[in-house]
Amino acid sequence: MHVKAETVLALLTPGLPSVVGQHVVDLSGDGWTLSSTALDRTVPGHLPSQVHLDLFEAGVINITASMILTFVGLLMPIGRIPATRLKACDLENFESTWLVFDGLDTFTTITFCDQHVGSTDNQFRQYHFDVSQILKECKQDPVIRINFGSAPSIANAIAKSPDAEEWPPGVQITNEYPNRWYIRKEQSDFGWDWGPAFAPVGPWKPSYIVQNNHAELYVLNTDLDFYRQGQINYLPPDQSQPWIVNASIDILGPVPWKPSMSIEIKDAATGSVLSSGLLQNVTVSGNSITGTTTIDGDAPKLWWPSGMGEQNLYNVTVTVQNDKKKSLAKVTKRTGFRTIFLNQRNITDDQLAQGIAPGANWHFEINGHAFYAKGSNIIPPDAFWPRVTQARMARLFDAVTAGNQNMLRVWASGAYLHDFIYDLADEKGILLWSEFQFSDALYPVNDAFLENVAAEVVYNVRRVNHHPSLALWAGGNEIESLMLPMVKRADPTGYSKYVGEYEKLYISLILPLVYENTRSITYSPSSTTEGYLYVNLSAPVPMAERYSNTTPGSYYGDTDYYNYDTSVSFDYNHYPVGRFANEFGFHSMPSLQTWQQAVDPEDLHFNSSVVMLRNHHYTAGGLFTDNFKNSSKGMGEMTMGVEAYYPIPSKSDSVANFSAWCHATQLFQADMYKSQIQFYRRGSGMPERQLGSLYWQLEDIWQAPTWAGIEYDGRWKVLHYVARDIYQPIIVSPFWNYTTGRLEVYVTSDLWEPAQGTVNLTWVDLSGKTIANNAGTPETVNFTVGALNTTNIYTTNISELSLPDLKDSILILSLSGEGRLPNTSSKKAFVHQNHFTPVFPKDLSLKDPKLEISYSPESRKFTVQATGGVSLYTWLDYPAGAVGYFEENAFVLLPGVQKEVSFAAQEGNVTDDWVRRVTVQSLWDQKVRD
């Protein structure tokens, strides 16, 4: 058959591994159709895509209206009827022809030339089908048809089947669509408390036709593992040992007789060759060919996370040859040399002697160095993955590094991240704590389910293992810390059964699969855990979890903390004391500008039905489109947080009042996170030796009230600015016990060497005048803070200070210090500013700061000054037309100080008109009635 040019969407792309003579057709692009026999409707289709997106583009459903609705799937026929994609193709004859699908969401039957090819039932797996014989016998134009089933309907059918596993009532968590735990699909597609329940279907990743002649091979997947000689996943690697490179390639095609493998490793920046030659100990197992080599331990330049050194990367090319030295397959991957280790080992005698409390460690070590993990949790950035572009993720990751974050927890259950997202993380130095896609549920453990999961685990572990940004594999989200206690309360007598099922899936199945495919990554069975008692890889349950076998006064594992009782939001005695904080937070509203993207003007008020229905905290718990009762609880929590601590907005204009309320919820959220992050970072020098803070959550999936610090279009909330500030390397922090009046000031550093400097403590009233005798507080305190440590520099009680009026007082803390960033040769200066008020913001005797703002085209900076009083929470806001962030925001500004602030534009144009519409406000504006 002759290949028609118009039918070949794109010949071999640079990212496709191939050999000369191989024919690969990338099926991405237009030319597909989306059909429904039930509706008798056909519209143009695309690949990759999902059904909703093609229907949006075809005008069948309205994207704006549909995105407002809570349950699009209930109101449109999407997901209830089979969706079929067709692609006409006319291909030349080759010895073998394969269909390769990198991702089908989720339940499909596939035909080619009207012949059944196969079926799929896992969104997270790569599938390939041999259609050689079908093509040879095909008498018509070959056509690919992919029939997609409704995931909610199929999940319900599985749940109703006689052999379906059941759990005690009240244990399984339904957000909107039920029964998500029976299927291997993105769990949040069925609804979550921060996003919609669209349950999309479609070919969400690329697909290919692969044709080979003779002994040609197509590379399906590649597992490159870089580790120190002798390294074992759960033990600290010996940094003095040479590097072992293990290259394993999964192929399509006949495995050659006595294959050989060669490798070339080049510096990605300079092109210089680090190593080249034949791999040793080449073995064949199934369709995988594997070989190893050794590299001198000091030869490669190490890869470091952001803030700890350079992100040195290498291009690694692996070639497979037959016994005649003919090249059969070649693949190139970009990688880096690093060790990353999650230390869960028992506290040693040396650590006890240093004042660290007994128990077990729970922290990360990069290239042998313990470090403080600063970051957040990333959720799916869109309800439809085909809309997630490289440019969009680059913008998001720019915000991550600009926010002084070095780690993201890739939450389950979204989806395993695309390779290009790991590539971006490699470049920017962002560690990605990755998880298998199980969350807040108990899962089946029948043979078919476990077999499906095993293939999913092996494929994804091998696929992303070469990325130096990969930091951890965790079994799932909150399974040990939430689900096991829930089932214990629901069925105490059957608890041991469910613990056994948990161990069967996450320890007996997944752990060995991870260890068999990587030596370089640690595995934890659950995101939040008390750690393990011991590891015995030859045992049926190779890791003995600690569970509740803890000792009072000892600390184990990481913490997960949410408390919606706003009366204790700033009482740090309620915060958990542990080794690492992997989740904590509180929700807030997005900005007015973001609401205007999705909501009609008449709905822009706090308790409008549309605003309330887009708030999924708390979720409906089922298929209801009138979730006002549960939503009102979450809306009420935000309201109570504002009313307890901040001036209550009361604008005469309804839209302005709505905007002020949105901003007020962000102030509460940001201050609450700041309070916790300061507390956790201070823990680095406390007995708990706390070495990680990952707040919930980084970004939004749509325009709605959520825990996010970055809104759907990339606009930063107050939270992300405040987190950026408090994640600086050296910070000064006040800790106030508002019950006893005790005030402590600490300096905290995450540098790897001691740092020195001074902190100026200055009391002023809210007009900006200094308070006499500095209220009895020393004006300057010198400090020395140890590596990864904290030190108390000042302690007092508010009752002992000579403050004329607590409501008219603010303490300005200004740090100036010197230290050395990791892997740098010279010291640098560090500055940080914080503040403290002896009453909550709502009780302050605020003065109008009379803010003024100007812009210099020459310096491209805004200048802000207060001419009337102290400006608290000084907030620069920008209009639509560009996306980016200010160099600093939500800061305290004293009268007479001119502060220059630049704007980093990530998208759009900063025009003269745009600049004129940039505004500035403060806490004063929140209480003023226009």
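Placement of Cβ uses the backbone N, Cα and C atoms for every residue, glycine included.
Per Swiss-Prot, the N-linked glycosylation site annotation among the candidates Asn549, Asn782 falls on Asn782. Summary: among the glycosylation sites (Asn246, Asn782, Asn789, Asn823), the fewest other C-beta atoms within 10 A of the C-beta are counted at Asn782. Distance noted between the C-alpha atoms of Asn760 (N-linked glycosylation site) and Asn782 (N-linked glycosylation site) is 9 Å. A straight line from the CA of Asn281 (N-linked glycosylation site) to the CA of Asn246 (N-linked glycosylation site) spans 10 Å. For the recorded site, Asn281 (N-linked glycosylation site), the DSSP three-state label reads strand. A separation of roughly 20 Å, to the nearest angstrom, links the Cα atoms of Asn797 (N-linked glycosylation site) and Asn782 (N-linked glycosylation site). Counting every protein chain shown, 15 other Cβ atoms lie within 10 Å of the Cβ of Asn760 (N-linked glycosylation site). Around Asn797 (N-linked glycosylation site), taking its Cβ as the centre, 11 other Cβ atoms fall within 10 Å, counting all chains.
Here the candidates are the recorded positions Asn246, Asn346, Glu478, Asn737, Asn909, and by Cα distance the one nearest Asn630 (N-linked glycosylation site) turns out to be Glu478. A Cα-Cα distance of 31 Å separates Asn737 (N-linked glycosylation site) from Glu478 (active site, proton donor).
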